[in-house]
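K.L.:
Right, I'll just put the structure down here and ask away after.
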Amino acid sequence: MKKIIVIATGGTIAGSGEDGRTTEYRAGTIDVSDILETIPQINNLAEIEMVPLISVDSNEMNERYWIKLRNTINEQAKRPDVDGIVITHGTDTIEETAYFLNLTIATEKPVVLTGAMRPATATSPDGPFNLFQAIALAANEKAHDCGVMCLFSSTIYSARNIAKTNNHKIDAFGLNEQAALGYMRDADVFITNHPTTKHTLHSKFCSKQFDVFPKVKMATYYAGSDTDILDALKHDCDGIVVIGTGSGNYSQAWMQKLDELAESGIVIVRSSRVPHSIVFDEQIFDPKNHFIGSNTLTPFKARILLMLCLTQTRNIEEIRNAFFRY
C-alpha cells in the first residue's frame, strides 16, 4: 500500500463555527486527522502519516511559511517509503503557495494541495471529499512528474494555472486560459494534459536555499490614477508588478514614471487586472523595452516568479525568458 504524507497548514477545511453554518467560522481550528476519520474507505487508499506544520488562515500565509513548507516537503519526499504528499491549505491564497512550491520543490513525487469552501462544521462540508480525492491522486502513478497540483471538485489543476474565481460556491476555482490537467471520478484518476512549463526538479530554483527574498511590490492602475503609489513603492524595492488595464496598459504619466524606476534599477513586470489575460512585450506601452510581460501568469504569480528570479539575476532578458519558461 502507498504511503501518503498529509501536511496540515490550516484553512477553511479545518475551520469550525456554529453547526450547520458556512459563515462566521474560524479557520484552522480542527485537527485534520479528525477529518480523516470521517472519510469512508480512506484507509483503503493509502497508509496515511500526518505532519502538522502550521494552523493559520491562508491570509496569514507568507514567504517564511512558504520556505518552511517547501523544506518540509523536500524532507519528506526524500524518504524512500513515501509515495506522495498532500497539503491542506486555505483557498484564499492556495494558488500562490502552489505556484511557489511548483517552482522550488525538488521531487517528481506527486504533491497535491487541497482545501474547502465550507468549514468542517457546516452542513455537507466539501473538505472531506476533496481530501479523499487528493490522497487518491497523490497515491496514483499517473500523477508523477506533473508538477504541483491542486484538487477541487474532482478537477485536477496545475499550480501554474489555477485561480480562485468565486468566493461563495463550492466549485470556486478556474484556469487562466489553460486546460485542466485532468479529472477524477471517486478515487479514479484521469490525466488528460501535462504541464508544458518547467516545474519542480526541472526548475532552476529547486536546488537553491532560501532565507530572505528580494522585495517585490504591486501597483494597480485605474482610471485617473496618479503616480503617487509608484513613488511610495520605489523605496526599499527590488521589483514592481504593475496590474494594468487590458493587456497590461496604463497612462502616459505612469509609463514615464515606470521608465524612471526601471532606469534606477527596479525591475518592472507588466500584468493585467483582466481575468484570463495574456500580457506580451508591447512597444506602445513600453517603447524603451524596459519592462517584462507577465505572459499568462496572474499578477500574484508574476510577483512570485519575479521574486525568485531576482534571487539569481537582475538581467532583464534572463528574467523575460523565465516568464516564457515557467
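Going from the start of the chain as shown, residues are counted 1 onward.
Just so you know, glycine gets a Cβ as well, placed from its N, Cα and C.
Bear in mind that TrEMBL entries carry predicted annotations, made automatically and left uncurated.
Reproduced below are the annotations present in TrEMBL:
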{"type": "DOMAIN", "residues": "3-195", "note": "domain 'L-asparaginase N-terminal'"}
{"type": "ACT_SITE", "residues": "THR12", "note": "active site, O-isoaspartyl threonine intermediate"}
{"type": "ACT_SITE", "residues": "THR12", "note": "active site"}
{"type": "BINDING", "residues": "SER58, THR91, ASP92", "note": "substrate binding site"}
{"type": "ACT_SITE", "residues": "THR91", "note": "active site"}
{"type": "DOMAIN", "residues": "215-323", "note": "domain 'Asparaginase/glutaminase C-terminal'"}
K.L.:
Residues other than SER58, THR91, ASP92 within 8 Å, Cβ to Cβ centroid, of the substrate site?
P.N.:
GLY11, THR12, ASP57, ASN59, MET61, HIS89, GLY90, THR93, ILE94, GLY115, LYS164
K.L.:
Could you put numbers on the helix, strand and coil content of the domain 'Asparaginase/glutaminase C-terminal' (215-323), residue by residue per DSSP?
P.N.:
37 helix, 23 strand, 49 coil
K.L.:
I'm checking region-level scores; what's the whole-number mean pLDDT for the domain 'Asparaginase/glutaminase C-terminal' (215-323)?
P.N.:
97
K.L.:
Could you give the Cα-Cα distance between THR91 (substrate binding site) and THR12 (active site, O-isoaspartyl threonine intermediate), in whole Å?
P.N.:
7
K.L.:
For the substrate binding residues given in the record (SER58, THR91, ASP92), what is the largest pairwise C-alpha separation in angstrom?
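P.N.:
The span, Cα to Cα at its widest, is 7 Å.
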K.L.:
Of THR12, SER58, THR91, which of the recorded positions has the most Cβ neighbours inside 10 Å?
P.N.:
THR12
K.L.:
State the count of C-beta atoms found within 10 angstroms of the C-beta of ASP92 (substrate binding site), not counting that atom itself.
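P.N.:
ASP92 (substrate binding site): 18 neighbouring Cβ atoms within 10 Å.
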